[in-house]
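In Swiss-Prot this protein carries:
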| type | residues | note |
| --- | --- | --- |
| TRANSMEM | 27-47 | transmembrane segment |
| TRANSMEM | 53-73 | transmembrane segment |
| TRANSMEM | 97-117 | transmembrane segment |
| TRANSMEM | 121-141 | transmembrane segment |
| TRANSMEM | 149-169 | transmembrane segment |
| TRANSMEM | 175-195 | transmembrane segment |
| TRANSMEM | 222-242 | transmembrane segment |
| TRANSMEM | 244-264 | transmembrane segment |
| TRANSMEM | 273-293 | transmembrane segment |
Amino acid sequence: MSKTLSVDKSQLRSPWSTYWTLTKPKVVALMLLTSVVGMSLAPHEHFTWHQALIALVGIALMAGSAAAFNHLIDRRIDAKMARTYRRPLPKGDVSPFNVLLFALLIGSLGFLSLMLWVNSLTAYLTFASLLGYAVVYTLYLKRATPQNIVIAGIAGAMPPLLGWTSITGELHPHAWLLVMIIFIWTPPHFWALAIHRKEDYAKVNIPMLPVTHGVEYTKTSILLYAILLALVCMLPVLVGMASYLYLFSALVLNVCFVRYAIKLKFRAEERTAIEMFRFSIYFLLLLFCALLLDQQLAL
(Lines of atoms letter the chains of each structure in order from A and count residues from 1; the text may use other names and numbers.)
(Lines give C-alpha, C1' and ligand atoms only; values in the text may rest on other atoms or scores of the structure.)
Protein backbone atom coordinates (compact mmCIF):
# COMPACT_ATOMS: atom_id res chain seq x y z
CA MET A 1 0.00 0.00 0.00
CA SER A 2 2.74 2.44 0.96
CA LYS A 3 4.60 1.63 -2.23
CA THR A 4 1.49 2.43 -4.23
CA LEU A 5 1.06 5.77 -2.51
CA SER A 6 4.75 6.63 -2.76
CA VAL A 7 4.91 8.16 -6.21
CA ASP A 8 8.18 9.44 -7.55
CA LYS A 9 7.92 13.21 -7.78
CA SER A 10 9.85 13.16 -11.04
CA GLN A 11 6.96 11.24 -12.62
CA LEU A 12 4.54 14.00 -11.60
CA ARG A 13 6.73 16.76 -12.93
CA SER A 14 5.42 18.58 -15.98
CA PRO A 15 7.69 18.58 -19.05
CA TRP A 16 7.25 22.35 -19.16
CA SER A 17 8.50 22.59 -15.59
CA THR A 18 11.53 20.50 -16.52
CA TYR A 19 12.45 22.73 -19.47
CA TRP A 20 11.83 25.82 -17.34
CA THR A 21 14.33 24.49 -14.78
CA LEU A 22 16.91 23.95 -17.53
CA THR A 23 16.94 27.69 -18.25
CA LYS A 24 18.02 28.58 -14.68
CA PRO A 25 15.22 31.16 -14.40
CA LYS A 26 16.46 32.84 -11.21
CA VAL A 27 19.86 33.50 -12.77
CA VAL A 28 18.25 34.76 -15.97
CA ALA A 29 15.95 37.05 -13.97
CA LEU A 30 18.94 38.70 -12.29
CA MET A 31 20.63 39.08 -15.68
CA LEU A 32 17.51 40.75 -17.07
CA LEU A 33 17.44 43.20 -14.18
CA THR A 34 20.98 44.29 -15.02
CA SER A 35 19.95 44.56 -18.68
CA VAL A 36 17.06 46.85 -17.69
CA VAL A 37 19.51 49.05 -15.79
CA GLY A 38 21.68 49.23 -18.91
CA MET A 39 18.63 50.26 -20.93
CA SER A 40 17.61 52.88 -18.38
CA LEU A 41 21.03 54.51 -18.26
CA ALA A 42 21.45 54.58 -22.04
CA PRO A 43 20.56 57.71 -24.05
CA HIS A 44 16.87 57.49 -24.95
CA GLU A 45 16.69 59.39 -28.25
CA HIS A 46 15.59 56.25 -30.11
CA PHE A 47 13.93 54.38 -27.24
CA THR A 48 10.70 52.43 -27.83
CA TRP A 49 9.00 50.07 -25.38
CA HIS A 50 8.39 47.64 -28.21
CA GLN A 51 12.09 47.33 -28.97
CA ALA A 52 13.03 47.14 -25.29
CA LEU A 53 10.60 44.28 -24.63
CA ILE A 54 11.79 42.33 -27.66
CA ALA A 55 15.38 42.87 -26.54
CA LEU A 56 14.63 41.49 -23.07
CA VAL A 57 12.86 38.46 -24.55
CA GLY A 58 15.75 37.82 -26.94
CA ILE A 59 18.37 38.17 -24.20
CA ALA A 60 16.33 35.90 -21.90
CA LEU A 61 15.96 33.21 -24.58
CA MET A 62 19.69 33.18 -25.34
CA ALA A 63 20.61 33.21 -21.65
CA GLY A 64 18.23 30.29 -21.11
CA SER A 65 19.83 28.51 -24.06
CA ALA A 66 23.29 28.96 -22.53
CA ALA A 67 21.99 27.55 -19.24
CA ALA A 68 20.50 24.53 -21.01
CA PHE A 69 23.79 23.88 -22.80
CA ASN A 70 25.50 24.08 -19.41
CA HIS A 71 23.13 21.41 -18.06
CA LEU A 72 23.83 19.25 -21.11
CA ILE A 73 27.61 19.50 -21.02
CA ASP A 74 27.86 19.09 -17.23
CA ARG A 75 25.31 16.28 -16.88
CA ARG A 76 27.89 13.63 -15.91
CA ILE A 77 29.61 15.68 -13.23
CA ASP A 78 26.25 17.04 -12.04
CA ALA A 79 25.19 13.46 -11.29
CA LYS A 80 28.12 13.09 -8.86
CA MET A 81 27.77 16.38 -6.98
CA ALA A 82 25.51 16.88 -3.96
CA ARG A 83 24.45 20.35 -5.15
CA THR A 84 23.42 19.27 -8.65
CA TYR A 85 22.50 15.58 -8.70
CA ARG A 86 18.78 16.42 -8.66
CA ARG A 87 18.93 18.46 -11.84
CA PRO A 88 16.69 17.23 -14.70
CA LEU A 89 19.35 15.39 -16.73
CA PRO A 90 20.95 13.41 -13.87
CA LYS A 91 17.46 12.44 -12.68
CA GLY A 92 16.45 11.28 -16.13
CA ASP A 93 13.54 13.73 -16.43
CA VAL A 94 14.60 14.60 -19.98
CA SER A 95 16.95 13.13 -22.59
CA PRO A 96 20.22 14.83 -23.63
CA PHE A 97 18.98 14.98 -27.23
CA ASN A 98 15.83 16.84 -26.22
CA VAL A 99 17.89 19.28 -24.15
CA LEU A 100 20.11 19.89 -27.18
CA LEU A 101 17.08 20.57 -29.39
CA PHE A 102 15.56 22.84 -26.74
CA ALA A 103 18.78 24.84 -26.32
CA LEU A 104 19.20 25.23 -30.08
CA LEU A 105 15.56 26.23 -30.52
CA ILE A 106 15.34 28.96 -27.89
CA GLY A 107 18.86 30.18 -28.70
CA SER A 108 17.96 30.53 -32.38
CA LEU A 109 14.68 32.28 -31.55
CA GLY A 110 16.51 34.68 -29.27
CA PHE A 111 19.19 35.47 -31.83
CA LEU A 112 16.68 36.01 -34.64
CA SER A 113 14.55 38.24 -32.42
CA LEU A 114 17.52 40.45 -31.63
CA MET A 115 18.83 40.46 -35.20
CA LEU A 116 15.49 41.21 -36.88
CA TRP A 117 13.81 43.58 -34.43
CA VAL A 118 16.56 45.08 -32.23
CA ASN A 119 19.98 45.43 -33.87
CA SER A 120 22.83 43.26 -35.10
CA LEU A 121 25.32 44.50 -32.50
CA THR A 122 23.16 43.27 -29.62
CA ALA A 123 22.48 39.99 -31.42
CA TYR A 124 26.18 39.25 -31.99
CA LEU A 125 27.23 40.34 -28.49
CA THR A 126 24.56 38.12 -26.92
CA PHE A 127 25.64 35.22 -29.13
CA ALA A 128 29.25 35.79 -28.06
CA SER A 129 28.15 35.69 -24.42
CA LEU A 130 26.31 32.42 -25.05
CA LEU A 131 29.42 30.88 -26.61
CA GLY A 132 31.59 32.27 -23.82
CA TYR A 133 29.52 30.63 -21.10
CA ALA A 134 28.26 27.45 -22.78
CA VAL A 135 31.38 26.54 -24.75
CA VAL A 136 34.49 28.41 -23.59
CA TYR A 137 33.69 28.20 -19.86
CA THR A 138 31.58 25.06 -19.44
CA LEU A 139 33.32 22.89 -22.02
CA TYR A 140 36.92 24.03 -21.54
CA LEU A 141 37.89 26.58 -18.87
CA LYS A 142 35.87 25.02 -16.05
CA ARG A 143 37.93 21.86 -16.38
CA ALA A 144 41.24 23.48 -17.35
CA THR A 145 42.23 26.20 -14.87
CA PRO A 146 41.43 27.51 -11.38
CA GLN A 147 41.07 30.93 -13.00
CA ASN A 148 38.06 29.64 -14.94
CA ILE A 149 35.64 32.02 -13.23
CA VAL A 150 37.92 35.03 -13.70
CA ILE A 151 38.56 34.46 -17.40
CA ALA A 152 35.01 33.53 -18.32
CA GLY A 153 33.41 36.07 -16.00
CA ILE A 154 33.09 38.53 -18.87
CA ALA A 155 30.41 36.33 -20.47
CA GLY A 156 28.15 36.53 -17.44
CA ALA A 157 28.87 40.23 -16.96
CA MET A 158 27.57 41.32 -20.37
CA PRO A 159 23.80 41.87 -19.74
CA PRO A 160 24.06 45.60 -18.83
CA LEU A 161 26.00 46.19 -22.04
CA LEU A 162 23.41 44.21 -24.00
CA GLY A 163 20.65 46.35 -22.51
CA TRP A 164 22.55 49.50 -23.44
CA THR A 165 23.29 48.44 -27.03
CA SER A 166 19.70 47.29 -27.55
CA ILE A 167 18.64 50.92 -27.12
CA THR A 168 21.54 52.78 -28.72
CA GLY A 169 23.09 50.30 -31.14
CA GLU A 170 26.54 51.35 -29.99
CA LEU A 171 29.11 50.65 -27.29
CA HIS A 172 29.83 53.20 -24.56
CA PRO A 173 32.31 53.41 -21.63
CA HIS A 174 29.45 53.80 -19.14
CA ALA A 175 28.01 50.47 -20.23
CA TRP A 176 31.40 48.82 -19.86
CA LEU A 177 31.59 50.22 -16.33
CA LEU A 178 28.45 48.26 -15.42
CA VAL A 179 30.06 45.19 -16.96
CA MET A 180 33.14 45.78 -14.82
CA ILE A 181 31.07 45.76 -11.62
CA ILE A 182 29.63 42.32 -12.39
CA PHE A 183 32.99 41.06 -13.67
CA ILE A 184 34.71 41.94 -10.36
CA TRP A 185 31.75 40.61 -8.35
CA THR A 186 31.82 37.20 -10.05
CA PRO A 187 35.00 35.62 -8.54
CA PRO A 188 34.18 36.21 -4.85
CA HIS A 189 30.59 35.14 -5.53
CA PHE A 190 31.60 31.78 -7.01
CA TRP A 191 34.66 31.18 -4.84
CA ALA A 192 32.54 31.43 -1.69
CA LEU A 193 30.37 28.64 -3.09
CA ALA A 194 33.47 26.71 -4.15
CA ILE A 195 34.80 26.80 -0.57
CA HIS A 196 31.50 25.44 0.73
CA ARG A 197 31.44 22.73 -1.97
CA LYS A 198 35.18 22.05 -2.14
CA GLU A 199 34.87 18.27 -1.69
CA ASP A 200 32.23 18.11 -4.40
CA TYR A 201 34.48 19.85 -6.91
CA ALA A 202 37.50 17.76 -5.91
CA LYS A 203 35.49 14.56 -6.37
CA VAL A 204 34.74 15.38 -10.02
CA ASN A 205 38.21 16.85 -10.76
CA ILE A 206 37.04 20.42 -11.35
CA PRO A 207 40.03 22.68 -10.55
CA MET A 208 38.23 25.37 -8.58
CA LEU A 209 40.54 27.66 -6.64
CA PRO A 210 39.98 26.07 -3.18
CA VAL A 211 40.81 22.66 -4.66
CA THR A 212 44.03 23.71 -6.40
CA HIS A 213 45.36 26.46 -4.12
CA GLY A 214 43.69 25.75 -0.79
CA VAL A 215 40.93 27.37 1.19
CA GLU A 216 43.08 30.03 2.88
CA TYR A 217 44.46 31.28 -0.43
CA THR A 218 40.91 31.46 -1.76
CA LYS A 219 39.71 33.39 1.29
CA THR A 220 42.48 35.93 0.76
CA SER A 221 41.54 36.25 -2.91
CA ILE A 222 37.89 36.79 -1.97
CA LEU A 223 38.83 39.56 0.47
CA LEU A 224 41.01 41.32 -2.11
CA TYR A 225 38.29 41.11 -4.74
CA ALA A 226 35.71 42.41 -2.25
CA ILE A 227 37.86 45.48 -1.59
CA LEU A 228 38.39 45.99 -5.32
CA LEU A 229 34.65 45.65 -5.90
CA ALA A 230 33.93 48.34 -3.31
CA LEU A 231 36.22 50.72 -5.21
CA VAL A 232 34.75 49.87 -8.61
CA CYS A 233 31.21 50.40 -7.30
CA MET A 234 32.09 54.04 -6.58
CA LEU A 235 32.93 54.75 -10.23
CA PRO A 236 29.33 55.34 -11.42
CA VAL A 237 29.15 58.28 -9.00
CA LEU A 238 32.52 59.67 -10.07
CA VAL A 239 31.62 59.67 -13.77
CA GLY A 240 28.17 61.17 -13.21
CA MET A 241 26.10 58.05 -13.92
CA ALA A 242 24.58 57.99 -10.43
CA SER A 243 23.87 60.23 -7.47
CA TYR A 244 23.42 60.11 -3.70
CA LEU A 245 20.86 57.31 -3.44
CA TYR A 246 23.13 54.93 -5.32
CA LEU A 247 26.18 56.16 -3.41
CA PHE A 248 24.55 55.48 -0.04
CA SER A 249 23.29 52.07 -1.14
CA ALA A 250 26.63 51.08 -2.63
CA LEU A 251 28.48 52.10 0.53
CA VAL A 252 26.17 50.09 2.79
CA LEU A 253 26.19 47.01 0.55
CA ASN A 254 29.95 47.04 0.09
CA VAL A 255 30.61 47.48 3.80
CA CYS A 256 28.48 44.38 4.41
CA PHE A 257 30.21 42.47 1.61
CA VAL A 258 33.70 43.32 2.85
CA ARG A 259 32.67 42.40 6.40
CA TYR A 260 31.57 39.00 5.14
CA ALA A 261 34.92 38.60 3.38
CA ILE A 262 36.81 39.57 6.56
CA LYS A 263 34.76 37.14 8.63
CA LEU A 264 35.38 34.40 6.07
CA LYS A 265 39.12 35.05 6.18
CA PHE A 266 39.68 35.51 9.91
CA ARG A 267 36.64 34.25 11.86
CA ALA A 268 34.97 31.73 9.61
CA GLU A 269 32.31 29.40 10.93
CA GLU A 270 30.97 26.32 9.20
CA ARG A 271 28.37 28.17 7.14
CA THR A 272 30.13 31.49 6.59
CA ALA A 273 31.10 30.67 3.00
CA ILE A 274 27.60 29.69 1.88
CA GLU A 275 26.12 32.67 3.73
CA MET A 276 28.48 34.99 1.86
CA PHE A 277 27.55 33.30 -1.42
CA ARG A 278 23.85 33.90 -0.76
CA PHE A 279 24.43 37.48 0.37
CA SER A 280 26.41 38.17 -2.81
CA ILE A 281 23.28 37.45 -4.87
CA TYR A 282 21.25 39.97 -2.86
CA PHE A 283 24.19 42.37 -3.08
CA LEU A 284 24.08 42.47 -6.87
CA LEU A 285 20.29 42.57 -6.96
CA LEU A 286 20.05 45.49 -4.53
CA LEU A 287 22.99 47.36 -6.06
CA PHE A 288 21.42 47.40 -9.51
CA CYS A 289 17.97 48.18 -8.07
CA ALA A 290 19.54 51.19 -6.34
CA LEU A 291 21.18 52.25 -9.59
CA LEU A 292 17.86 51.93 -11.41
CA LEU A 293 15.91 53.85 -8.74
CA ASP A 294 18.59 56.53 -8.56
CA GLN A 295 18.34 57.04 -12.30
CA GLN A 296 14.53 57.18 -12.26
CA LEU A 297 14.46 59.74 -9.44
CA ALA A 298 16.91 61.91 -11.36
CA LEU A 299 14.59 62.16 -14.38
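Backbone N, Cα and C define each Cβ position, glycine as well.
The transmembrane segment (273-293) is not in contact with the transmembrane segment (97-117), judged by fewer than 3 CB-CB distances under 8 Å for residue pairs 6 or more apart in sequence. For the transmembrane segment (244-264), same-chain residues at least 6 beyond its ends with a Cβ under 8 Å from one of its own Cβ atoms are 188, 192, 195, 219, 222-223, 225-227, 229-230, 233-234, 236-237, 272-273, 275-276, 279-280, 283, 286-287, 290-291, 293-294, 297.
By the Cβ criterion (distance under 8 Å, sequence gap of 6 or more), the transmembrane segment (53-73) is counted as touching the transmembrane segment (121-141), at least 3 such pairs being found. Under 8 Å from some Cβ of the transmembrane segment (149-169) lie the Cβ atoms of residues 31-32, 34-44, 46-47, 51-52, 55, 59, 63, 114, 118-119, 121-122, 125-126, 128-133, 136-137, 141-142, 175-176, 178-183, 186-187, 190-191, 208-209, all in the same chain and six or more residues away from its ends. Of the candidate ranges 97-117, 175-195, 222-242, 175-195 contributes the most Cβ pairs within a distance under 8 Å of the transmembrane segment (27-47). Distant neighbours of the transmembrane segment (175-195): 34, 37-38, 41-42, 149-150, 153-154, 156-161, 164-165, 201, 208-211, 215, 218-219, 221-222, 225-226, 228-229, 232-233, 235-236, 239, 241, 257, 261, 264, 273-274, 276-277, 280-281, 283-284, 287; these residues of the same chain sit at least 6 beyond its ends, with a Cβ under 8 Å from one of its Cβ atoms.
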